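What TrEMBL says about this one:
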DOMAIN    27-555  domain 'Major facilitator superfamily associated'
TRANSMEM  33-55  transmembrane segment
TRANSMEM  61-78  transmembrane segment
TRANSMEM  90-109  transmembrane segment
TRANSMEM  281-302  transmembrane segment
TRANSMEM  322-341  transmembrane segment
TRANSMEM  353-374  transmembrane segment
TRANSMEM  395-422  transmembrane segment
TRANSMEM  428-449  transmembrane segment
TRANSMEM  461-481  transmembrane segment
TRANSMEM  501-520  transmembrane segment
TRANSMEM  556-576  transmembrane segment
Amino acid sequence: MDGKPDDATGWGNKFKQAVAINKQLVPLKLTMLLYYGAVSLYLPYMTLQMIQVGLNIEEIAIIYSVLPFVTSIMPPIAGMLADRFHSYKLILIVVVASVAVFHTSLLHIDARLSSDAPTAGMDFETPAEIHCTRLGAVLRFENYTCDANREIWTVDWTPSECQPMDCQLPVRMQLCLADGNCTQIAIGSTSVLEMDALLEVVPPNNLDGDHHGNCTAHIVSAQTDQTRNPASLLCNCPVRCPAMAAPMSSDLNNSTIANGLSVEELQQQKENERVKHNRGFWLYFILRIIASGSLATSFSMLDATAIKMVKKHHGDLGKQRLFGVIGQAICAVLAGIILDWTVIGKGYPDYSITFYLADGMFVVVMILMSQLDVGVEEHTEATKLMKSISKLIRLVDVDIFMIMMLLLGTCWGFLESFLFVYLTELNASSYLLGMTITFASIIGIPFLYVSDVIVRKIGSVNVIVLAFFAYCIRFFGYSFIWDPWLSLPFEALEAVTVHMMAVASSIYCAAAAPPGLLATLNGAVGSFHYSFGRGVGSCVGGIMMANFGTRTTFRILGAGAGICGLVYFLLHRFYLAGLEKKRLRRKSISNLIRSIIN
């Protein structure tokens, strides 16, 4: 009986401590709220914005393949500078400003081909089909009477739309030169391929089965961006591809086509369009490198700053991140509503509004960052800094942990780059795209509130293993849905793959980092995950989608995530856990000796 009031009082104190607001951490909470909210306004739509400015899937994959090698350098360098000069706030403010400036600059790049450029060279197009075999290809027109005087045509077609007729082997399509050199055409490519074809028109009455004015023309010579010299289109088995064809000339040698341009002038105009597109591609590429590097650096630097403030003011890291998730939940659905509103007004989503809104929020974020009380806890001389970094690299368990963060970043990067593209193919609205982020954020809030307790209870490594298994479930789940709304249950698993994983990673870094190297290690891990890993996922995922299709790619990556989780669990259970215990034992003995000497 006497113990009940004390027990009640104890539980009451615990509840008060759980809901109490740490005033010293309020600026950090507001910073997290606005920063992650601003990023969620445009980051999920970056791939869609790239397509809108005129880049195709292959070019997007190229950009993502190079980004990790460049942007992975910036976070650890920024972390080393912050650790060396203890200038967390200054570096963080500069990086966030770079995020806003360079991402906004991407809005002003145009790599699109002009809609009024006569790419076909005539005032009409007609539906057609390419029938390709190992002997060559023919073009069959629909509801169009062939004119034997017209011989040069432009044919637009998409390899992913081709259907095999009777194939026992995987389909292969090639453009082969006269000397036997062949260029492979990616069957799964969703980019429109433009082919300038020299046709030998066969009159309809000479072909069996051609009626109602339809006709067939043999494709004698074809040119594309892949093969600028005349080549033959060959397939290893019968393949049928829907296409749009337009005549370019009535005389092969010297003629003026319907809009008054000669063949040479038309080719020059098309070349100018290619130059414009390439210029836009390279400009976007350079600016995107700086923008993505700044973004990856800001993530890791904000995490390192949050860890230092939480340690100094005795807070919980998960509760600070919770406000970032709330910001994501609010701004993600807001972005979806805004983009749907622009579709009604303009007929297409206008991403510039969300970018500029994010810029305004970043300005407030930088003001709040200037008020953060980071403090200086550890001092490390420059000579000791390099020695500690070398010591850190020699820690096997830390090296393997960073590799696992790279693999998790690969999974995350693929979803960040192509999930919205996939859902858009399933006719998802912009509102639903934003709702996926909001729903995942709401589910993640209670997990983040107790994340520190969960991570310390089951261990950081076990949370990382759970993140791999959660990715496995997400990938396979996405691959089987046909209604975009069914993606929401799998988005709920972000509570583990993103939020819990991030807390586990930060706690692991805080425990494993040598004195004075918290920001350095956190920056390296962030670089491996948010920069290098994301780039690998975007690049590899884009290539796999172009060759195997979206659903198959999801399943392959899902199987890979499950295997990685199982391997890391077994490796840690039977090998790495022993290394960690030995290191902790040596550290405790060292601290005991130091305390006795002092």
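Keep in mind that glycine also has a Cβ here, set from the backbone N, Cα and C atoms.
Those TrEMBL annotations? Automatic predictions, nothing curated.
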Requested in this report: Six or more residues out from either end of the transmembrane segment (61-78), which same-chain residues have a Cβ under 8 Å from its Cβ atoms?
Outcome: 50, 55, 91, 95, 284-285, 288-289, 292-294, 296-297, 299-301, 413, 417, 519-520, 523-524, 526-528, 530-536, 538-539, 542-543, 546
**Report entry** Same-chain residues near the transmembrane segment (556-576), Cβ under 8 Å, at least 6 residues beyond its ends
**Finding:** 396-397, 400, 404, 407, 411, 414, 461-462, 464-469, 471-476, 479, 541, 544, 548
Query - Positions on the same chain near the transmembrane segment (281-302), where near means CB under 8 A and six or more residues out - result: 31-32, 35, 39, 43, 50, 53, 55, 59, 63, 66-67, 70-75, 78-79, 82, 88, 91-92, 95-96, 98-99, 102-103, 105-106, 109, 111, 519, 522-523, 525-527, 530-531, 534
Query raised in the report: Where else in the chain does the transmembrane segment (322-341) make close Cβ contacts, counting only residues six or more beyond its ends and a cut-off under 8 Å?
Result: 29-30, 32-42, 44-45, 349-351, 353-354, 357, 361, 429-438, 441-442, 444-445, 448-449, 499
Query raised in the report: Would the transmembrane segment (353-374) count as touching the transmembrane segment (428-449), if touching means at least three Cβ pairs under 8 Å and pairs must be 6 or more apart in sequence?
Result: no
